[in-house]
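**Q** First the structure, which I've put down as structure tokens, then a few questions once you've had a look.
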Ligand SMILES: Nc1ncnc2c1ncn2[C@@H]1O[C@H](COP(=O)(O)OP(=O)(O)OP(=O)(O)O)[C@@H](O)[C@H]1O
């Protein structure tokens, strides 16, 4: 153990962040206090939880609280808590580095432009380091609960690349942070200012936040020594909704979600049936810096409390994966205090609570999706978390229909990448006699939008959903129908868009007509092409899809689309394989030319090129690109004569 005084360098990322803090033009500097109080409250929560197992950790002091004191002359503010505290290793680990996910993305996003970067601070949230927005020196004294008084740690930094760490004697457990204010921010060290800031941002903290009694107490000879609680000091989520202001809900969100920005919406309910519990759930206003890791709900998902006592962060058993963007608190009166994660995963009470939790979150999203001013917010939600919510169609059988109603898509109706159309809107716009919901899947929006499979749909004005998220293939394979209308890929199976005829002439005649579809003069061509393509195709036939392209590939009935085949292969998963059908557009000049082609080699080249082009045009890659190019060049030279 290194029990000496050491000067250490911050990690490069921390240094960069600190520089940003020190030169910050972030307009809302006072929130540093909210961040430090939020950390203090978490530390007390963690102590109380650890003490469930080992009461000794209280060290005889169960009066859990946070104290904010100040010294106007010395220009300091001190925030002290009697929470869990930190060991020397923990200080180095937590305060010298940033373990937070998304840090790299955040640093990369910094532009050097102060205003822009200040906005990013707001999106990223910097916790402890926000102290450097108002301080030219920060001092932290801490001792981990249960360790000897001699194992206290003092940490100090000016925020300029290095910090000092040394052992101190600290009789009482917990953490004290002293902010040495800069000249510009010195006026913060004043009673009524601090009181105001605490009430504004930290009123919801469930532990008492004490400050020296002042002002009200005119007689106060002992001013400065008497303390009073300045916040409500009760768990916000157990208070009646009618008594909580929007601002309080918003500040509480920032505390639980470690977010600097307001949430988009929330739902708060008290359940008092067979089971008793409180739930408060929020939808964040934007997607976290790194969708993939933070998103998984690491650390800042749902907090579980049992009878007001904090039990754990990320109580993922209360929320299905597709709702992992939800942040908030669950507080049960029925669970016991000593429980493990494993126990909770299997628990009947938890299962019942989870069911209600899902229902509440879906209610909240439905409300947000309803018309009016709120629907803009729903769009904001969808843009941030749409791809995650979509997983619900696959994951949650019971709520599939509810989730389906919440989905939003880009479509050929406006040909814009923004996903704004609901399935209900699509159904409303369906043509007379149309009974299916058509969609195309591709890797990008552009590939979907320009897919040759859409030609006849565009011609006839039939709307098609343009899907290009990887998850869409799974969504469509699990969502067989919506509102009685089957979902149909435009790239799978045969196609019949003659809605009007069907209405007038009835199905039987229509069937008869369908069988008779290949004109005689094309039969020879088709047979020759099948021959030329061999195993590359399952079949060659005349297309009902194409109006301007010469050919396209579609999956046979019951087959997987080319897009899904590519996704599976890329992910190293088994694909049942794409056994394509090559469809031809008999009105295209190339097809007309091929009908009269007598040179077998040239016919073979044309056929292979058509096939490879069909792959390219829907976003795929020819199996043998070099041969494709060679053939193209040969044909071009031939044509040039
Ligand atoms: N008062 C405290 N008592 C004990 N540990 C603390 C205290 N303040 C901070 N820490 C430790 O330092 C870590 C880093 O704190 P910091 O505020 O930088 O980030 P955070 O709270 O983890 O996340 P965020 O940046 O999202 O707020 C915390 O996770 C905690 O382990």
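Cβ atoms here come from the backbone N, Cα and C positions, even for glycine.
The model shown is predicted, which means the values in this text are computed figures rather than measured ones.
What TrEMBL lists as ATP binding site is 35, 39, 81, 86, 94, 100-102, 123-128, 175, 341. Sequence annotations record features per position, and here TrEMBL assigns domain 'Histidine kinase/HSP90-like ATPase' to 28-185. As annotated by TrEMBL, region 'A' applies to 1-341. Feature annotation from TrEMBL assigns region 'C' to 567-641.
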**Q** Please report the three-state DSSP label of residue 94 (ATP binding site).
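**A** Residue 94 (ATP binding site) sits in a helix per DSSP.
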**Q** Neighbour count first, Cβ atoms within 10 Å, every protein chain included; then name which of 94, 123, 175 tops the list of binding-site residues.
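**A** Counting Cβ neighbours within 10 Å, the top one is 175.
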**Q** Using a Cβ cut-off of under 6 Å to any atom of ligand 1, determine which of the binding-site residues 81, 123, 127, 175 qualify.
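**A** Near the molecule: 81, 127, 175.
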**Q** Using a 10 Å radius around its CB, how many other CB atoms surround residue 81 (ATP binding site)?
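**A** Its Cβ has 27 other Cβ atoms within 10 Å.
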**Q** Taking only same-chain residues 6+ apart in sequence, whose CB is under 8 Å from that of residue 35 (ATP binding site), what do you get?
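**A** Spatial neighbours, sequence-distant, of residue 35 (ATP binding site): 126, 127, 128, 130, 131.
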